[in-house]
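Visitor: Found this in Swiss-Prot, in case it helps:
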BINDING   24-31, Thr48, 67-71, 126-129, 159-161  GTP binding site
BINDING   Thr31, Thr48  Mg(2+) binding site
LIPID     Gly2  N-myristoyl glycine
MOD_RES   Ser5  phosphoserine
Amino acid sequence: MGLLSILRKLKSAPDQEVRILLLGLDNAGKTTLLKQLASEDISHITPTQGFNIKSVQSQGFKLNVWDIGGQRKIRPYWRSYFENTDILIYVIDSADRKRFEETGQELTELLEEEKLSCVPVLVFANKQDLLTAAPAAEIAEGLNLHTIRDRVWQIQSCSALTGEGVQDGMNWVCKNVNAKKK
């Protein structure tokens, strides 16, 4: 009986599963970000034609990340993936200022979706390693993120290529999943 109780204690509690939806326009860096999270090679990334799913362990959670392609023709299918989403991560190419209006419209539509109501949102202001990248504060202002009142949100500067800022964003994700699941 003593050995059995020791074995039970050694067997860690199963990680809590979390469904994360990773969205953003094409070429924002979603797949690079996902591969960075999974510690995979990021030297050969091709546009996502459908979706990628990866499970990443972090802080006692099993994060099931759904990376959905961002091309205009794929975006109408995004809503097929909304069900049971715990966290929305929206990735923006901070250096592609010509598409800020388009990415803002897409984010606004997502925030209005009933199936995503109250779902915490992390906006990754990606590609901060580029000289032309807009700072996260400027992007937050341009997207009027300060007007979001129905959920917790965060904007995080990052570079999916170098990994800078990615872990800070994922720490926020785990903290807010913890708060949501309690």
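For all residues, glycine too, the Cβ spot is worked out from N, Cα and C.
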Visitor: Return the count of C-beta atoms lying within 10 angstroms of the C-beta of Lys30 (GTP binding site), excluding that atom itself.
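Guide: Excluding its own Cβ, Lys30 (GTP binding site) sees 27 Cβ atoms within 10 Å.
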Visitor: So how many other Cβ atoms are close to Asp67 (GTP binding site), meaning within 10 Å of its Cβ?
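Guide: 25, counting other Cβ atoms within 10 Å of Asp67 (GTP binding site).
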Visitor: Including all protein chains shown, what's the count of other C-beta atoms within 10 A of the C-beta of Lys127 (GTP binding site)?
Guide: 24
Visitor: According to DSSP, which kind of secondary structure is Asp67 (GTP binding site) found in, if we only use helix, strand and coil?
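Guide: Assignment for Asp67 (GTP binding site) reads strand.
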Visitor: In DSSP terms, helix, strand or coil for Gly24 (GTP binding site)?
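Guide: Gly24 (GTP binding site) sits in a strand per DSSP.
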Visitor: Please give me the CB contact count at 10 A for Ser159 (GTP binding site), counting all chains in the structure.
Guide: 22
Visitor: Relative to the Cβ of Thr31 (Mg(2+) binding site), which residues of the same chain, six or more apart in sequence, are found under 8 Å away?
Guide: Ile45, Thr48, Asn52, Asp67
Visitor: What is the total of other Cβ atoms whose distance to the Cβ of Thr48 (Mg(2+) binding site) is within 10 Å?
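Guide: Here the count is 18.
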Visitor: According to DSSP, which of helix, strand or coil covers Lys127 (GTP binding site)?
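Guide: For Lys127 (GTP binding site) - judged by DSSP and reduced to three states - the answer is coil.
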